[in-house]
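> Here's a structure for you.
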Amino acid sequence: MANLVRANVDNEMVKAVTAVMLKGHWDNLLKPKIGSCVTSTTISQALLDISQYYFSLSWSFFKWAESVPSYKHSLQSSWTMIYILTKQKHFKTAQEMLQKVAVKDFLSSPTVLNALVSSNLNNDVNSHLLSWLVIYYANSKLPHDAIQVFEHMRVCKLMPHTHACTSLLNSLVKDGLTDTLWKIYKKLQKMGVVPNIYIYNVLMHACCKSGDVERAEDLLREMEFKATFPDLYTYNTLISLYCKKGMHYEALCVQDRMERAGVCPDIVTYNSLIYSYCREGRMREAMRLFKEIKDATANLVTYTTLIDGYCRANSVTEALKLRDAMEAKGLYPGVVTYNSILRKLCEQGQMKDANILLNEMNEKKVVPDNVTCNTLINGYCKIGDMKSALKVKNKMLEGGLKPDRFTYNAMIHGFCKVKDTDGAIVVLFDMVRIGLSPSYCSYSWLVDAYCNLNNEVAVVSLPDEFTRRGYLVDVSFYRAIIRRLCKRGKIDGAEKVFHIMQAKGVLGDSLIYATLAYAYFKVGKVDAASYLLDDMYRRRLMITLKMYKSFNASYSDKNTLLDMFWSNVVQRGLISRTVYDDIQQLKILS
């Protein structure tokens, strides 16, 4: 009974507000006695009632209310106005308003969506609104919000627009959410969405990004079956995929197929095919194709690809000739082009020539990037010129560039090469200080340097040095140190580090246990090896296929000793049946 009375009161208020709106006496709604009774629901319903006959009046009233200092539209009244604008086909205004609302309100929440959609039951209008919302979230790099809106549409049986589907799938590709993309695509098909060329192209791009050749070929067959003809983007994406996978013959077949279909190759097509030849070191074929380019103009990417190909094929002279040829045609090399030549010069230890090229870059106002600096640093480190390497690093910092993991690893390797362990330690801790984690190689070079100086004590004291400086030493550190010491046959040192690790409460992983156990096995300490393998079983630490491959790749003594070790591992049940079967298959193949 109370609800009925309340409904009647609300209806009367809606009628009153509607009458005020029609008469134009809008200021009356600002009076305390009337205004205190007007709710968001009242405004929304009044807007809907007026819009049926006087759309422009409802819009004018909404804008007027928006300008009142003491009043603020609720989400409900704003959504109602967006709904009205959409129903009246004022799509641009509705979209702009929806985006403004989406910025400040959490519209992707299922509860909010349910309340908004159920307040207006026109499915066509709701499809428009939620499709726009999917597009907004997808373009705003908020794929999970876009998915939530899409799922609500699916549950409510609202058909999304193909543009919304394309935007959603595209955002998933950009974020690398390939598995989610294919799940969404299956749902779209079940909902009755008919994919167009744009949707297929996004799916093809996903295949290219994940390197899924089989799925890309299935997609092409599906397109043909549904009479959706591939366009230039489709063919280019497929050619790029084949080229990246080294399937050059298949890429050429696609080129032939597209030409027969009346689709002319563009420079992107040629660039992919040239890249494929260059990658395989087939520079003669790459240049032949370059000279055969028709109906397209070679661009910076074309020349850079060829220059890089010549550098990889140890033909720096040809690369420099091509660089001059591109400049003659008005195409000026950028930093990527110069980096290709610099890399080869540094690899060959031609640091004088590298510096001449660097000066040329400076004269032509080509700004070096991280790759340029890292290439030079690595080049100097290889020849043991650490003074010059440090100069480049300092210039890198002055230029606003941030050293990365490659920078620090190159310098650690360089210092270790010249047996300057103090310099290597400084770089290592500088690396840790800025939040970069050293790799297995970083620690290996340091261990090798100390061992070459017969300073095994320094290696064992590294955990304490880390702790003294306030850095947390995790299992990856101990794994790297123990593995390298075992590889060099320094079992006593590895054992000491293992005990330090346990004393500090760090639990070793499968690789640490297996590495140390095998090292014991090699030197005849069978009891110590057995103890570690038994401890592995107690802790349920299993050998993975990746570990098995790593062991066989790391140790050159692939003889009965290694086979005996694996036999001990299998007997203790440290390899699952699936992994064991995979290992047997590997043995058959080898």
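Sequential numbering from 1, following the chain as shown.
Each residue, glycine too, has its Cβ placed from N, Cα and C.
Here TrEMBL flags 161-195, 196-230, 231-265, 266-296, 299-333, 334-368, 369-403, 404-438, 474-508 as repeat 'PPR'.
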> Going by DSSP, how much of the repeat 'PPR' (369-403) is helix, how much is strand and how much is coil, in residues?
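Across the repeat 'PPR' (369-403), the residues distribute as 26 helix, 0 strand, 9 coil.
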> The repeat 'PPR' (334-368): which same-chain residues, six or more beyond its ends, come within Cβ distance under 8 Å?
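Residues 300, 303-304, 307-308, 311-312, 314, 316, 319-320, 323, 375-376, 378-380, 382-383, 385, 388, 399, 401.
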> With DSSP, how much of the repeat 'PPR' (474-508) is helix, how much strand and how much coil, in residues?
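Counting residues per DSSP class in the repeat 'PPR' (474-508), I get 26 helix, 0 strand, 9 coil.
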> Mean pLDDT across the repeat 'PPR' (196-230), rounded to an integer, is what?
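Across the residues of the repeat 'PPR' (196-230) the model's pLDDT averages 93 on the 0 to 100 scale.
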> When secondary structure is assigned with DSSP, how many helix, strand and coil residues does the repeat 'PPR' (334-368) contain?
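The composition, in the requested order, is 26 helix, 0 strand, 9 coil.
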